[in-house]
Ligand code: NAD
């Protein structure tokens, strides 16, 4: 059988620990036998980031802007323990944060649904994709612990020195204060990324804030979304028969729980932080969550939502058998390959991605799975496979599909 040819490369960002091991296995077993794989390779493993003073992360993001599509393996975000473990020069920042800042992107997370893994919310028969605004609000706050009596004001000083003041509170005793901000530019980028992704995946878009209480701050989010929708996206949405729906955050939560899924839920930074974990857990497992970073100008970076699965890696290093679920990482590859196929007009590449995803789902539905999946599956007698055998089982299923 002839291998599928690619015209433009994918940006390949390798990573750390157990997911780095899976990365190789996926390429060898599931990709290289079928595709003349063209990638521009960046090693974002922590050792290489340390050697290059993290320049490799920046370079990989710039390459992503150039080529339009990237696939990323999970990477370690260093903490104090990692400083010693890897003898680091510096506590390098999260690669995801660095890449997101360069691409000005929004992260969309969606669960992979499989029969036999039943969501806690029984009526969620379709995936709910969460889009989290990744800039500002409480994540870039300024706080004061008020020691006692005094007046708190919000002050804005324009370049010419004019000041706008608002009283926050006249304290008659100790308390707390917090200042938060966002920018029109960031909110607009977020809105465009959400509208584009809704069109791309042909799903409705929901957005919610607390604009009845926050009449300027949250209301600005609502207004920006509405203006951009009306001016740039309304016609496209109507043509595709998809909907942009705005409501209050408390109403959104109630509707989401009652829904069958199948839409994108755009959330402000804090709401997205909280809701994405709730939604991921309710669908079953973090290892079945995909994640894609989309920039407002249409650049895509695909990855698994989970981390490097450190505990399994240490077992692997000791020569012990691991049973790590590679599905979300495989879906990162299929997402990127499908997008590459779409952009370069290579239908075989898109068909390959569809077929590989089908093979993953069918393998688990046929009762062959990793240990963590067997714990949440309703399958009566699952065959529990190790990391490599699971990937090989997917290959067998793939070859058996028409
Ligand atoms: P993790 O996602 O690696 O693991 C969390 C838990 O889920 C663990 O119990 C793990 O065993 C389980 N798990 C996750 N994915 C699994 C899979 N595919 N198969 C089986 N079990 C799975 O998160 P963590 O332990 O908090 O972090 C480990 C490292 O990953 C850290 O260094 C962190 O910085 C990094 N991390 C990276 C990313 C990323 O690159 N996107 C995201 C999160 C964490």
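Residue numbers in this text run from 1 along the chain shown.
Positions of Cβ are set from backbone N, Cα and C atoms, glycine also.
Over in TrEMBL, the protein carries these features:
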- 9-394: domain 'Isopropylmalate dehydrogenase-like' (DOMAIN)
- 77, 94, 95, 96, 97, 98, 99, 100, 109, 132: D-threo-isocitrate binding site (BINDING)
- 139: site 'Critical for catalysis' (SITE)
- 210: site 'Critical for catalysis' (SITE)
- 250, 273: Mn(2+) binding site (BINDING)
Should one count Cβ atoms within 10 Å of each candidate's Cβ, the binding-site residues 95, 97 would be headed by 95
Distance filter, Cβ under 6 Å of ligand 1; input binding-site residues 77, 95, 99, 250, 273; output 77
Out of the binding-site residues 109, 250, the residue with the smallest number of other Cβ atoms within 10 Å is 250
Of the recorded positions 95, 139, 210, within 10 Å of residue 250 (Mn(2+) binding site) (CA to CA), in sequence order, we find 210
For residue 77 (D-threo-isocitrate binding site), the nonlocal same-chain Cβ neighbours (under 8 Å, six or more residues apart) come out as 93, 94, 95, 96
Here the recorded positions are 99, 109, 210, and the Cα closest to that of residue 273 (Mn(2+) binding site) is found at 109
Over the domain 'Isopropylmalate dehydrogenase-like' (9-394) the mean pLDDT stands at 95
For residue 210 (site 'Critical for catalysis'), the number of neighbouring Cβ atoms whose distance to its own Cβ is within 10 Å equals 17
Between the C-alpha atoms of residue 99 (D-threo-isocitrate binding site) and residue 139 (site 'Critical for catalysis'), the distance in angstrom, to the nearest integer, is 18
Cα-Cα, residue 139 (site 'Critical for catalysis') versus residue 210 (site 'Critical for catalysis'), nearest Å, comes out at 18
77, 94, 95, 96, 97, 98, 99, 100, 109, 132 bind D-threo-isocitrate per the record; greatest CA separation between any two, in Å, is 20
Residue 109 (D-threo-isocitrate binding site) sits from residue 210 (site 'Critical for catalysis') (Cα to Cα, rounded, in Å) at a distance of 23
Students should find that the Cβ of residue 99 (D-threo-isocitrate binding site) has, within 10 Å, a number of other Cβ atoms equal to 24
Counting Cβ atoms within 10 Å of each Cβ, the densest environment among the recorded positions 139, 273 belongs to 273
